[in-house]
Amino acid sequence: MIRIASLGRVLAIAAAASLALTACGGGTESDGGGDSAAPTTLKIGFMGDLSGENSGIVIPPRNGAQLAVEQYNAKNPKVKVEMIPYDSRADATVAVGLAQQAIKKDKVVAMVGPAFSGESKQVGPVLEEAKIPSISASATNVDLANQGWKFWHRVVPNDGVQGPAIADFIVGAAAAKNVVVVDDKSEYGKGLGDAVRGQLKTKGATVSDDALDPNATDYSSTVTKISATKPDAIFFGGYYAAAGKLLKQLRDKGVTAKFFSADGSLDKGLIEGAGAAQAEGALIGCPCRISTATETDENVKKFAADYKTKFGADPLIYATEGYDAMTAFLKAIESGATTAEAINDAVGKSDFDGVSKHVKFDPNGEPSAKSIYMYEVKGGEIGLLGDTTTAKLS
Amino acid sequence: MFDNLLGSFWPYTIDGLVLGAIYGLVALGYTMVYGVLRLINFAHSEIFMIGTMASAFVVMSMGLTHPLTGFALVGGLLLMILVGGFASAGSAMLLERIAYRPLRKRGASRLAALISAIGASLFLQELFALVIIPHAFNRPEQGRNQMGVARIMDKDVLFSIGGADVRVDQLLIFVAAIGMMVLLDQVVNRTKIGRGIRATSQDPQTAMLMGVDIDKIVRVTFLIGGLMAGVAGALFVLQFEVTKFSIGFLLGIKAFTAAVLGGIGNLRGALLGGLFLGLIENYGAAVFGSGWKDVIAFSVLVLVLMFRPTGILGESLQQARA
């Protein structure tokens with residue numbers, strides 16, 4: 001998801017900003033200012049859309065990151081960490097200004113974020129120049145990893161991984177041969193739709209396509225077109241509001257083909273828009289690892305419980321990724337790194353079991369673990385089905 | 001290229017007619033106000049939105065877990081339509097009182113009224129996004145998100161035409177919308193107040209000299225237009241079961257287009273334009289893909305206006321003109 005992608009970027013920047021801070025010897029008690037004076041508190045930034053229209057997918061990772069910091073500080077480490085949130089409102093111009101502020105004024109040593117891909121693209125060079133490491137929890141645009149940035153990382157696989165993985169699942173586990181791919185014409189939806197189309201064709205499935213306007217309400221022409229091709233499966237590339245309306249109108253017209261979508265639709269809004277009865281059985285892929293009511297992984301369960309105690313809500317999309325991004329920095333600091341560059345080196349060598357996945361980075365900053373998860377709507381709730389490569393349909 | 005359209009001609013036609021009927025109902029509000037005041041009431045799309053909100057509120061208050069049946073269903077539907085209609089009618093009259101009448105009394109230009117309409121439109125949208133949806137609908141911090149509305153009636157298939165299923169809700173919407181328009185047509189053509197509306201739209205000065213109370217006519221015009229938009233809002237919620245603060249924007253543009261297509265100021269033209277637009281949209285989508293729906297619809301609008309600048313029925317159909 002492009003926007004989400006941006007989020008990750010924000011995170012990275014925040015992290016990077018934090019590093020810068022340490023580099024400048026910004027410890028509160030070290031008035032000497034020399035490199036030898038070890039700081040006692042390091043600042044790590046978190047950047048993303050915290051108050052705008054898409055803040056719903058940025059606040060969970062922000063909370064996740066904050067939880068990681070609090071658990072770390074509670075252990076009374078030698079060097080404490082303070083998280084500074086930067087609300088970019090998903091505006092790249094604002095994000096760049098905030099990054100400058102994080103580097104020069106707040107002197108952060110690392111940055112978790114920025115959250116979305118657009119702002120990530122703009123903020124990346126700023127952090128790179130200041131040598132501040134960043135880890136995004138949600139920026140999924142493919143290009144971000146191809147910029148040659150040494151200080152940039154993300155903990156989610158990119159859109160180029162997600163689309164084909166979902167397509168493999170559609171022809172594999174779901175055994176569909178005749179698939180309709182609909183997108184919402186957005187940068188995210190079309191890109192993802194095309195990735196799915198390409199992989200489906202490679203796998204020998206028959207693909208028909210259509211596009212819709214996410215702001216419209218009547219999708220009857222799309223539904224009629226889909227209905228006429230009698231598909232086994234339908235994939236929608238777009239956000240949950242449109243996905244809900246489309247799914248409802250499909251089911252009301254008697255189209256029973258399996259309905260697939262991706263991370264942009266992984267929200268309860270899908271069920272609200274479609275109606276619980278119509279949403280039943282909808283399948284949603286996501287590079288994110290969300291804990292659901294039927295969670296079996298102890299690690300994730302514990303995270304979900306801690307998160308709920310702290311924030312009074314269930315951890316939603318990218319909360320585990322936000323936690324893992326921050327944890328990568330905290331582990332680096334724990335290992336003795338106190339400057340931005342030292343933290344970046346340590347993060348590059350990360351190799352630990354996070355909540356969302358095993359955290360390890362490729363040289364270009366991409367996560368080594370490229371799992372895409374499949375979620376299913378059951379009884380009005382979104383439940384985890386499993387990794388797309390191993391999950392089975394019931 | 002045309003296989004898809006020919007293969008599914010009836011489903012496209014039925015969906016087009018149902019949506020077109022809703023366009024037509026909303027278009028009436030634009031066309032009536034234009035007929036009487038020569039003003040494009042851009043806030044009319046928000047009057048429609050208020051209708052969807054009011055009827056969504058009614059459904060929400062019922063706390064449905066299952067769709068209704070029998071008399072409960074009839075009662076529920078009537079309540080939805082009445083509340084939607086009156087909420088919109090009331091808002092439309094209030095809008096006229098606050099946003100238009102003061103300007104009209106001071107002899108402001110029509111451009112000023114147009115700006116006032118745009119301002120009112122934005123004001124109403126933000127009012128719902130910031131205040132009413134978070135509080136009255138108890139959705140804090142979600143004022144800009146789409147709201148799902150519970151299903152009030154089962155959407156069973158009634159019968160088939162040429163392989164296309166006609167659902168009970170679709171038939172209901174179509175019949176209700178056409179019924180409302182026929183009723184309005186009769187009111188305008190056969191009652192005293194209707195004569196007043198027609199007289200004012202032909203020549204306000206002379207109508208005033210003949211003893212027509214222009215203020216009253218304008219009030220009634222807004223009331224009727226609002227009522228139609230509110231009913232359209234309720235029917236919209238019945239079919240799509242979603243609404244949001246900006247739901248009126250796109251539909252308002254379509255309805256305005258329908259009014260122009262049929263001949264603005266012309267009541268029967270609004271209906272015809274609505275149905276025509278609904279069909280063209282769907283046929284265009286069938287041939288070129290749904291992504292091209294609006295392009296096709298508006299290209300047809302331009303073509304029609306090139307050859308019939310006053311719309312399909314023309315502006316001068318005095319009998320039906322409001």
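Glycine too: its Cβ is placed from the backbone N, Cα and C atoms.
Record features (TrEMBL):
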- B:20-40: transmembrane segment (TRANSMEM)
- B:47-64: transmembrane segment (TRANSMEM)
- B:70-90: transmembrane segment (TRANSMEM)
- B:111-137: transmembrane segment (TRANSMEM)
- B:171-188: transmembrane segment (TRANSMEM)
- B:217-239: transmembrane segment (TRANSMEM)
- B:245-264: transmembrane segment (TRANSMEM)
- B:271-289: transmembrane segment (TRANSMEM)
- B:295-314: transmembrane segment (TRANSMEM)
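Segment contact is absent for the transmembrane segment (B:171-188) and the transmembrane segment (B:47-64), given fewer than three CB pairs below 8 angstroms at sequence separation of 6 or more. Proximity of distant same-chain residues to the transmembrane segment (B:271-289), defined by a Cβ-Cβ separation under 8 Å and at least 6 residues beyond the stretch ends, is recorded for 1-2, 4-5, 8, 12-13, 15-28, 178, 181, 254-255, 257-263, 295-297, 300-301, 311-313. Beyond its flanks by at least six residues, the transmembrane segment (B:217-239) meets 18, 21-22, 25-26, 28-30, 32-33, 35-37, 41, 44, 47-56, 59, 77, 80-81, 83-93, 95-96, 101, 104, 149, 152-153, 169-170, 172-173, 176-177, 180-181, 184, 187, 193, 196-197, 200, 207, 247, 251, 322 of its own chain at Cβ-Cβ distances under 8 Å.
Using the rule of three or more Cβ pairs under 8 Å, pairs at least 6 apart in sequence, the transmembrane segment (B:47-64) is in contact with the transmembrane segment (B:245-264). Against the transmembrane segment (B:295-314), stretch B:245-264 has more CB pairs under 8 A than any other of B:20-40, B:70-90, B:245-264. Away from its own ends, the transmembrane segment (B:70-90) comes close to residues 47-48, 50-55, 57-59, 62, 152-153, 172, 176, 223-224, 226-231, 233-235, 237-238 of its chain (Cβ-Cβ under 8 Å, at least six residues beyond either end). Nonlocal intrachain contacts for the transmembrane segment (B:245-264), taken as residues 6+ away from its ends with a CB within less than 8 angstroms of a stretch CB, comprise 20, 22-24, 26-31, 34-35, 40, 42, 44-49, 52, 125-126, 128-129, 133, 143-144, 236, 270-274, 276-277, 297-298, 301, 304-305, 310-315, 317.
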